[in-house]
């Protein structure tokens, strides 16, 4: 039985080593390579733009041909940009509250860009018909507008009339965050029946994304028939298309680590939806779209349908709010909380709750760690006692092993009888470790995928809890004027984590098995290198958790 425990602990350590080793030695170098490629690509694109002098002053990237098209300016607390009156396309959107990086002059994050720009990314809501004779607004239609500015206080009303006298009306509203509501109305003044279908699409030119194997999802996503559908860019590229016929579509879209663009169709009917890939003129494009059933509008009648577009930051409370307000199933799952969703989201709520009082997510992590420790104190106490008893029983266990070395069945019976007699649970020593594994991964997920943690400072030199510790001992934490390679970026917090881990081991009962004891001695050093590239918020949690464990073990040693 003792061997089983050792094997269990070894398996846990090995699993963690493989997961984090993959992250450190495979994913991180790949990320760096891709980031370099992206930087080179951006530099080349900028050079081309400068040579052609096609930059539009208003948005900084819209080419000159686009600047001739009339636009409706978007202005809210969270967004700026414009909507093209040609084709009524949402293709110019900037997130005002978020910078691309921490540098002083960093530009704001751009989400949508016109179709003929380098990072084309846009959304449309419109109408189609199964009859070619029906004249509907299309991508070349120039809409008439009653206003030049769209804001939360001022909706925009647009209209267009075809040659048969059919009037098309569109009302666009935007809230103070990232949600657009588009209501389309068709008034059939003609003498013919009008078959129409409402559609929505999001189209994106493929750009290299941050690799995060088994860490988070990036790419097409949606809730169809109340099931979450996630497809990577590679999945859709291989399949070319993933179709869903006559389904309940709550939402579909394209997600990045922190940003989401999503279509939210009217709930009045089912929709056909598609996740598509296309290669046109050497350019890779991905598209998600939906289309409604045919609606027949008789002469003299009118028809209205309402759809929504979400385009912005994946804030937890905001997605929760929209999910409840508009009954959008699984909208919060656009944030990839991972396998431990039922733990990860409550952990975030706890951190966010204390952040509301202390104003610092780093301090919030410390408070949540204390609460978790208090909840697990009784279990840790029992675990410590069990480990102590197991060590005291080791000589007797060795005697039984020697006595019944040729009879494994009898050997196990005798060892189990000894455990029962001494009232020892051999698994109890592992329980705190097993319980903390999902908590650890949950905190890691919260730090890695939630926008609330992005560029969030702690104290001192820590300006971003979601990024690695920027210091390193190999240049004396910045005193020496050179930057070591990435694998030598071992900062103050990783070192503190390793030191506290070593001290905790010294205060814990040493494993009875000599080999296991030797392995455990090297774990602080292994974890020092392994976790140096992880979010510093995770290292703050682990270091603080180790310090609390040391205090806890001191208390148990003194009073037991």
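One is the number of the first residue shown, and numbering goes on along the chain from there.
A Cβ is built for glycine as well, from the same backbone N, Cα and C atoms used for every other residue.
The range from 294-314, 357-377, 378-398 that Swiss-Prot describes as transmembrane segment is residues 357-377.
Among the ranges 431-451, 452-472, the stretch that Swiss-Prot annotates as transmembrane segment is 431-451. Remote same-chain residues near the transmembrane segment (431-451) are listed as 9, 12, 98, 212, 215-216, 257-258, 313-316, 335-340, 343-344, 347-348, 351, 365, 372, 376, 379-380, 382-383, 465-466, 534-535, 537-538, 541-542, 545 (criterion: CB distance under 8 Å, separation of at least six residues from the stretch ends). With a threshold of 8 Å between CB atoms, the same-chain residues lying at least 6 positions outside the transmembrane segment (334-354) that come near it are 215-217, 221, 253, 255, 260, 262, 314, 316-317, 319, 361, 363-365, 367-368, 371, 438-439, 441-443, 445-446, 449-450, 452.
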